[in-house]
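The annotation transmembrane segment is assigned in TrEMBL to 29-53, 65-86, 112-133, 145-166, 204-225, 246-267, 287-309. As annotated by TrEMBL, domain 'G-protein coupled receptors family 1 profile' applies to 45-307.
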Amino acid sequence: MLTTLPDLQGTTPAPRNVSAGESVDFMKFLMLPLFGIVCIVGLLGNALIMYIMQFKIRQKSITDIYVTNLAVADFIFLSMLPFWTIDMGMNGRWIFGRALCKITSGSTHFHMYASVFFLAAMSVDRLFAVVFYRHSQKLRTRNGAVIGSVAVWVFSIIISSVPFYFRDLQHNNQTGFSRCTWMFSEEIPSHRQWFFIHFFTRSIIGFALPFLIIAACYSAIIIFLKSRKTSGQLTSKRQDRATTMVMVVILVFLICWLPNQISNVIYALQGLGVINAPAVPSAIHYYIHMFSTCLAWSHSCVNPILYAFMREDLKLKMTEVLHSLMCHCCGSVTADRFLKANKAPKGDSSKPRKGICPCWGKRKRTCDEGELFVNEVREAPENLLRKDSEKRDQASYNAPQIVGVETETTFHTNREQGNTYITSVVR
């Protein structure tokens with residue numbers, strides 16, 4: 001004989017004293033559109049982060065490695081979110097089969113574990129980078145970060161294996177519908193014990209212990225920074241920015257996941273009889289749980305937004321990628337406009353140069369006009385750039401002319417290699 005227990009993953013049906021129509025309306029007009037926005041924004045944002053980290057940043061820092069892995073974990077979870085959204089929209093009816101029931105349930109817990117473990121790893125890395133920077137050069141290596149990331153993935157998979165085993169389909173013979181829920185055999189008491197062990201594991205190993213590590217690391221960092229300011233010593237701006245970014249990311253994670261963790265702890269304590277559970281769940285309890293679930297799931301789309309606002313290099317790369325997606329001719333601009341738009345501010349040669357999109361310029365080029373790459377000359381001298389406006393109609397750039405096609409000499413710059421390419425664009 002099997003027994004089912006309600007889950008706290010956002011798929012719990014409405015309590016008895018909440019009308020079915022009220023529950024459906026609540027999910028239809030608030031939760032479902034919100035989950036749709038979270039899914040779309042999160043998938044696009046994390047995909048953009050993964051693309052930039054893989055193809056646009058060659059010299060990745062240790063923080064970049066952890067950020068990439070965190071984006072992968074968020075992307076995996078968000079790819080499963082549409083299944084839960086449809087399940088909620090159908091009031092708990094599961095139509096995707098047994099395999100996806102187990103996979104989506106496991107991925108939800110896996111994402112939570114992987115996220116908090118990567119944040120803990122980033123905190124420990126910040127501790128060594130700021131406080132023990134003189135002795136951490138041998139410990140803080142990219143290979144070490146990769147090995148640590150693999151360890152986080154493996155441990156997260158192991159600890160989230162409980163849903164793969166105990167989540168299953170419950171078929172209702174009266175309605176003919178199935179639900180994806182926890183299934184335990186009453187003949188094996190250890191299965192029910194596993195259920196409560198899982199919730200305590202989720203709350204203690206998956207939340208409390210990592211945050212104790214995070215709190216200890218940042219307490220030590222704050223004390224160290226205050227002591228250096230008192231003694232008149234300063235830390236580098238790069239270290240300060242990295243430390244601030246990681247601290248904000250961790251704070252946002254705490255805000256998003258803490259209500260859901262409290263909800264899980266209360267439910268587990270009620271199941272063990274430590275606290276008395278209400279005979280009939282109230283509507284307010286149901287809606288509080290739904291809000292905490294929505295807040296926890298929305299965390300997956302927040303990190304890319306934080307990176308865009310807090311890291312100038314990622315902000316610049318995101319802008320370039322989005323411009324190139326909106327108009328594929330953004331790879332080159334006319335020379336005179338390039339010098340005006342990409343000129344670094346006086347006295348600040350370290351500031352990244354901002355890219356521009358020729359489709360938004362005075363000529364309003366469209367993508368249909370296209371580009372004809374006739375010649376590419378690497379490492380063009382600066383005098384060619386300054387005199388480009390005077391020699392625009394000359395053929396001194398070794399660009400063969402095509403009969404019947406009017407061209408305009410242009411150039412663009414590869415910022416990663418510092419090379420300049422001279423091309424001709426069909427007008």
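For all residues, glycine too, the Cβ spot is worked out from N, Cα and C.
Predicted automatically and left uncurated, TrEMBL annotations should be read as such.
Contact between the transmembrane segment (246-267) and the transmembrane segment (112-133) is present: at least three CB pairs lie under 8 Å, with pairs separated by 6 or more positions in sequence. Summed and averaged per residue, pLDDT over the domain 'G-protein coupled receptors family 1 profile' (45-307) gives 83. Remote same-chain residues near the transmembrane segment (112-133) are listed as 62-63, 66-67, 69-70, 73-74, 139-140, 145, 148-149, 152-153, 155-156, 159-160, 202, 206-207, 210-211, 213-214, 217-218, 220-221, 224-225, 235, 239, 242-243, 246, 249-250, 253, 257, 296, 299 (criterion: CB distance under 8 Å, separation of at least six residues from the stretch ends).
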